[in-house]
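What Swiss-Prot says about this protein:
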type	residues	note
BINDING	434, 440, 479, 483	[4Fe-4S] cluster binding site
BINDING	483	siroheme binding site
């Protein structure tokens, strides 16, 4: 594949302005501390607008009222999104109670948003509450370091495996990888936690003074569940077990879904297999992949800076050989592994030690008290009595983990009383959207606010064609950055403009194939008409057990994407 097209190891040329910003930031300090005291604006100015991302925050505004405020000669209502670092999505009930209180008392929207990267976000934090949120997190053993911008982001880990013992081991590795790849700068502690400035020079032995060329995403995945969507990520450790014990990992590198509309130098790409490594080499290999991307990634063009482009430019074998050289190992051949699904198993599942896990479906991950469904209050009440932990899944759901038999009935009653166990269709369980409007500055079309009613319509189409219990993995993302992971869905909608989407078809249920654009810039009625026709054909013509995405490929409705660098846009 990529070996046919070898390119330079380092891209020469004028560095992007982001590289200047990082270099001049004094290891991510900038003038954030001074900016915090500027009461004339609700936002951060100059480089600080981007630098706060390294501290886990994005500056946003409420786009529903942007025009109204402009007419009143007011600046946009600036507020921050904060994303917590939570490897593997595991959070204690004490931590949950603290974040519940902060959301209620100190955010505009009052909600907790579970993300498909197994963490939570607060939306609508005013500038005066920015420092307090970091201090609140620190007080319960959490932080927001490196959850955005050019670093290794929150490390994912399969959250509901069939073998609980394996989860415990894999989760420990997710934590170790996260800690190992964290930035070493003291900027976070100095600015947010008021820790003293130390008169030593900061060093970043792994990330370097200008950090990574672009965001970098890592997973630890336990087959046969691909719930964390490994092909959306730069670096993936696939757990290999013998007799129920973790012995090593298969490494897959170079996945990523973000594109830019009309820019044919960008494409979604699945991750490539590098080989198998025994457990003891895990951190060395993780570091080697990151430092190779640090040194070879494109720092002249951020649209082509991710690992997937580096891999295609230099060639897979060249990149792999460099990782082996830096880690001091030779990869063994890939060990057999198979994925059979990626949805969460909603409801009760029995684990080891006679403990139970209850997976709750949270539509689009938005935890709020809705009329007749006080989800947020319900989870708070469960957190007050539950002796285990919560786990956030990569499908934006929540697991009440390690429930003893004696507590099962009580927790189930709380969940039912607060609308947390209402029956939903298989289709709704397998549908997901990013946040998009009103808070995301990149949003081109609705996603989270659009999906529930759109799912109703897809459910009606399934019913019409006599397959109401079937499901299609469906995802909506408000812009081509792809946070909703539409580029690994059977039906992927990518926002193009208000009320308009590109429709992608031909992904599969296990998330190992990129869907191709079927129709461009179309409205919701157009999408429904296309799906009505195609789902009707699927219902009549499918083979036994054949998913919708596989059917669209077999029936010749869509050509599969086989080599994205070459054929994604064809």
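Yeah, the Cβs are placed from backbone N, Cα and C, and that goes for glycine too.
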Chain-mates of 434, 440, 479, 483 with C-beta within 8 Å of site centroid, [4Fe-4S] cluster: 435, 436, 442, 443, 447, 477, 478, 481, 482, 484, 495
Under 8 Å by Cβ from residue 479 ([4Fe-4S] cluster binding site), same chain, sequence gap 6 or more: 436, 440, 442, 443, 444, 445, 494, 495
Neighbouring C-beta atoms (10 Å sphere around the C-beta of residue 434 ([4Fe-4S] cluster binding site)): 27
